[in-house]
Structures are given as structure tokens and as C-alpha cells.
Amino acid sequence: MKKQNDIPQPIRGDKGATVKIPRNIERDRQNPDMLVPPETDHGTVSNMKFSFSDTHNRLEKGGYAREVTVRELPISENLASVNMRLKPGAIRELHWHKEAEWAYMIYGSARVTIVDEKGRSFIDDVGEGDLWYFPSGLPHSIQALEEGAEFLLVFDDGSFSENSTFQLTDWLAHTPKEVIAANFGVTKEEISNLPGKEKYIFENQLPGSLKDDIVEGPNGEVPYPFTYRLLEQEPIESEGGKVYIADSTNFKVSKTIASALVTVEPGAMRELHWHPNTHEWQYYISGKARMTVFASDGHARTFNYQAGDVGYVPFAMGHYVENIGDEPLVFLEIFKDDHYADVSLNQWLAMLPETFVQAHLDLGKDFTDVLSKEKHPVVKKKCSK
């Protein structure tokens, strides 16, 4: 990519030309490999990127919520997401929805509640790096603690909308008062102050201690916690970074969503691989990345990502994620499945006869000798001589 007066231009060697019309130069700077794609890109490949910065933001007195769904990123038919921020003490009101909800706490801390169909209550505090999972149809809430909270929500249906959930206050606002009174065994006068519309996100005082909020019931405790301390587990570490994996094998309740938190150091990359079970949905937390997706039949397309971007890789398509910045790249891989699975290109070739691989790639023993039978999700790039 050539630059004129620090302005990027779509020129590679003797191909391309300078841009003469008005344009968004900052967007071009953020997407160098889209402005000037690698020579290896070819054919028509669907868009696999959308930024939360380009979404509508729902502002409330206690915080905000914005979403990336199939409406914003059409290829993402199986997963949708919400970025939510709550001020200290603010509450995402009691509600439920048809879709299961998976969450990663990015900033601050919050208290979550959920009650299952047997009337068993679960209440816990979650902090940065923690997860929660609420099965479809079960009522729950989120309240920010002292520092406030910001988190990513992922739902197992791409057409989910944060504006179409079942709210406690919305339901009661659209139910006759005499019915509500009869249901709870009170008079209409005793419920005269019920809100006339949904609260959704609203300000409130900070809660007391977690111990004081625990509610014991006659039906005992839930069999498995609905929260998970992801960063307390041992990651898969390599020279180039580390990976934390959470799925139904270690986070028992997470039956429809599996995940990986990936850190890629500068000069390293998430290795060439693919996923044999489902599509991959991504959220970029920090750093700068590029990813090329191989769609078969000679088709491939490269994308750039940074904090706040959503990425996507369709089922079984080969790809890598490279750190192109000077700080650690941190991102989430999310899958609509009960378990995490990937196939490493390096390991695949290492587990085949050497001469068989050499015949395919027209490479010699020097190449096959360095193949690894062990999987290394993140690899450090070797400098060329």
C-alpha cells in the first residue's frame, strides 16, 4: 500500500491507482488489507465484519445497549450479540427470552440472578473475565456493582433482538390490574404504583452483600452454577500467546454455546485451522488483526479487525488470525455448539506419511521435519533470512 502525504492509496506494485474522490480516510487506515488486499485474495466472498461503532445505540438513564444481529451482519444467522453498559447500581430489569444467553464480562462487575423452572434460585457476582450462561426461557437480571459494568452478550439465534425480550414491567403494564391483584392475593389499590411501561435499564442503589441477597427456597440449589471463572483455569500456552476454552465439558450449563478467549502476542498468529462442527463468531476486545478466510474453489478474502469489531467464519472454512499491531491482540471465538473443536493444519499434516505430504506440496524433508504432532493454537512467526 502506497501513501501520499500519509494518506493510504489502493496501490500494490503496478496495480491500482490513487483515489480522486472524497472518502473516509480513517476507515481506509483501519482496513489496510481491505484497501489493498493480498495477491492471494480471489473471487466473491461474503462480508464477515461489522463494528459495534456502526450500530444504533439504545440510551437509557442507567446505561446503554447496542446489538449486532443478522440484520447488521447477514451471514451471522446462528448468533447475535449485544454490547451493554450499566452505571454503578443500574439494573437490566428482570426479563426472559426464547434464546439462550452467554456473556463475557469486559469491565467492572455485576450481580446476576436467575430462577429455574423448579423454583431454584441462583445469585452470584461476576467480574472481569467471568462468564455466565442463562438457558432459553429462564428469567434473570443483571445489576452493576461499584465500578459499573460493561459486557458482551451472545444469543444462540442470529435474529435475536434486545428490543424484543419479555420484560417483567412490560408484561404487568399490559395485564389488567384486577388480574394482577387476584394473582398475588392483594387489592388493586396495593398495586396502584406499578409502572405503566417497561423499565428495561434503570438506575438504582448499589445492592448489599452477596451473602445477604442469597434466597433459600424449599426446592434446594441448582445442580450447576450459571457462572464460570474463565481466567482461573489453566490456559493452553505457547510462545505466541494463550487460549482459554469454555464449553459444556467445564462450564456444565453452557449447552448451546462454546467459547475460546484468545491472546496473540505481537509477531504471532492464531494458526491456520478450521472448525469441523459449526460457524465461528468473533468479538475483538483489543489490538489489531487481519484474517483471511478460505471459502474453497479458489475463493478467499482478507479482513481487518480492531476493538469493538465482530468477525465471522462460516462452517469449515480455513482461516488464521494475525496480530498486525504492536500490542497483544485479544479476541473471543464463539460457537453455537456444546463443545469446542478445531482442526490444526500443522497437526493434520504432521500426522500423515512424510512422503505423502511432500508429494502434495512439492516440498522436501526440511519442511515435513518441522511439522508438529502437538497442537499449538497460537504460533510465533519465524523471521525470513
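Easy rule for this one: first residue shown is 1, then count along the chain.
From the backbone N, Cα and C atoms, a Cβ is placed for every residue, glycine too.
As written in Swiss-Prot, here are the features:
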ACT_SITE  Glu333  active site, proton donor
BINDING   His273, His275, Glu280, His319  Mn(2+) 2 binding site
DOMAIN    50-192  domain 'Cupin type-1 1'
DOMAIN    228-369  domain 'Cupin type-1 2'
REGION    24-47  region 'Disordered'
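Overlay of Swiss-Prot feature records on the structure.
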residue: His273; record: Mn(2+) 2 binding site; Cβ contacts under 8 Å, 6 or more apart: Gly318, His319, Tyr320, Asp342, Val343, Ser344, Leu345, Pro377
residue: His275; record: Mn(2+) 2 binding site; Cβ contacts under 8 Å, 6 or more apart: Val313, Phe315, Ala316, Phe335, Ala341, Asp342, Val343
residue: Glu280; record: Mn(2+) 2 binding site; Cβ contacts under 8 Å, 6 or more apart: Tyr312, Val313, His319, Glu333, Ile334, Phe335
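Residues His273, His275, Glu280, His319 make up the record's Mn(2+) 2 site, and a Cβ search at 8 Å around their centroid adds Trp274, Val313, Met317, Gly318, Glu333, Asp342 from the same chain.
Using a Cβ-Cβ cut-off under 8 Å and counting only residues 6 or more beyond its ends in the same chain, the region 'Disordered' (24-47) has close neighbours at 1, 7-8, 10-12, 16, 73-75, 290, 292-293, 295, 297-304, 306, 314. Under DSSP, residues within the region 'Disordered' (24-47) fall into helix, strand and coil as 10 helix, 1 strand, 13 coil. For Glu333 (active site, proton donor), the Cβ neighbour count at a 10 Å cut-off comes to 23, with all displayed protein chains included. For the domain 'Cupin type-1 2' (228-369), residue counts in helix, strand and coil come to 21 helix, 66 strand, 55 coil, using DSSP. Cβ neighbour count for His319 (Mn(2+) 2 binding site): 24 (other Cβ atoms within 10 Å of its Cβ, all protein chains included). Within the model, the domain 'Cupin type-1 1' (50-192) carries an average pLDDT of 98.
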